Amino acid sequence: MKSVENLRNLINRVKSHFVSDQVQNFVLFLDDFFPSENIFDFFGFPFLNRLHNAEDEKVKVRKRKFFWLSLLTALIIIGLLVVNFLITFGNSEKFPETIESFCFTGGYTFCLLRCFHLCYWKRDTIRAIIDKLDQHFPHSSRDQLNFEVHKHQRNLKKLYRICLILYIIVWLNYSVIALFSFISEYFGLGFMKIKLAMPIYFPLDPYQPMFYLLIFIVECSTLLVFALTLAAIDVLFCGLVCVLSLEFDVLAQKLAQIDPESDENVEKKLSAIIDDYNELSLIGNELEEIFSLILLVNVFSSITMLCTVVFFIFTPIEFSLMMNFIPALPGVSNQLFCTCYYGQLLETSSLRVADEAYNCNWHGKNLKFRKMILLTMLRAQKPQKLTGWKFMDIGLPAFYWVLQTTYSYFSFLSGLYES
């Protein structure tokens, strides 16, 4: 009953974030970090919830137990995937199973490391970043309407819905195909070969009815935690970058609204804008430092996953494998596109400050004002970027590069398989 009640509360909290009657609801994003916070909290991650300390001690203990149980299960699954990969490696007849084991192992390990990195090692840093962003965020309804905050709100809601729907579809696809294969085999329908949701090693025959159902339930539960956690992490990253981009846009609009002719405090306002820009740049550097290595691994893991997915779709070795990987294609590509899109958005928003500074009516003004405008333009001409460990800039060009690289590796893998 407790699990059902927790699930009902989670659904109600997520629904509350999609109420679009008031623009000011976007402030909730900064208070409890949109639905990502609820997903992390539901699965036992002591993350950014500022009310977490006020919970009952029994609730905390139950969540901690759930978290460590989920972690232990995930580690066991990873170990069984690795064993299955080593057993099938080099066997040409089990080549698809080898590739599938490798993909699941890498995906689970990467997701686990990302969760620990963000939810434990960098938790306090992210909290501090949110507090800093909160100071620059336009909280009043008038300012939010003036600076068009609702546009960012709508984009973020669409992103959350798309991520959650795609990951749930992938989870349902793996689960339903595995269950359908078991049912068809058990009742002698013979439509498809019986298989598990993930190709793990099992010392006994995993396709006996009792063993299969037990393994199926464990695999589906861990896959569900895996899918929802990935969605929460993606929205967490994109949400932080979205708010930072929004605040750069706010500074650009404030520069555009400066009127040196009629405003006596124009130098004071410009000085405040410069200070805010420097603070936002420092926040951007902190975000880049936190996510830099994760973004690099994300790019190359996306190349591997996309190449594998395209390979199994266009080289139909087994029909069930092709059906497994078809829903994964939009999920992986959408996740990478959203990451690159918000990286590009941050770069564009920071450059907009320099454009608005130049368009400001600075001609013929006093020397101090012109120097301040010049310093603002020089500082803002170097855009705020997110990089993959300084190896590459995260933006739309990176997304195009990933697609080109994926096609090259797919061609190589296809030729290797045919030979």
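Yeah, the Cβs are placed from backbone N, Cα and C, and that goes for glycine too.
Long-range contacts of the transmembrane segment (66-87) within the same chain: residues 43-46, 97-98, 101-102, 104-105, 108-109, 112, 198-202, 218-219, 221-222, 225-226, each at least 6 residues beyond the stretch ends and with a Cβ under 8 Å from a Cβ of the stretch. TrEMBL lists 66-87 (among others) with the feature transmembrane segment.
Residues annotated as transmembrane segment in TrEMBL: 99-120 (among others).
For 159-183 (among others), the entry in TrEMBL reads transmembrane segment.
Residues or ranges marked as transmembrane segment by TrEMBL: 211-244 (among others).
For 290-314 (among others), the entry in TrEMBL reads transmembrane segment. Remote same-chain partners of the transmembrane segment (290-314), defined as residues 6 or more beyond its termini with a Cβ less than 8 Å from a stretch Cβ, comprise 96, 99, 103, 106-107, 110, 114, 117-118, 122, 125-126, 237, 321-322, 324-326, 328-329, 332-333, 335-336, 339, 343, 386-392, 394, 398, 402-403, 405-407, 409-410, 413-414, 417.
Residues or ranges marked as transmembrane segment by TrEMBL: 398-417 (among others).
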In the same chain, residues at least 6 away from the ends of the transmembrane segment (211-244) whose Cβ sits under 8 Å of its Cβ atoms read 29-30, 33-36, 39-40, 43, 45, 70, 73-74, 77, 107-108, 111, 114-115, 118, 126, 129-130, 133, 137, 152, 155-156, 159-160, 163-164, 167-168, 170-171, 174-175, 178-179, 182, 194, 196-198, 200, 202, 204-205, 280, 283-284, 287, 291, 335, 338-339, 342-343, 345-346, 349, 384, 386
For the transmembrane segment (99-120), the distant same-chain contacts (Cβ-Cβ under 8 Å, at least six residues beyond its ends) come to 40, 45-47, 71, 74-75, 77-78, 81-82, 84-85, 88, 126, 198-200, 226, 229-230, 233, 236, 290, 294, 297-298, 301, 304-305, 308, 311-312, 321, 324
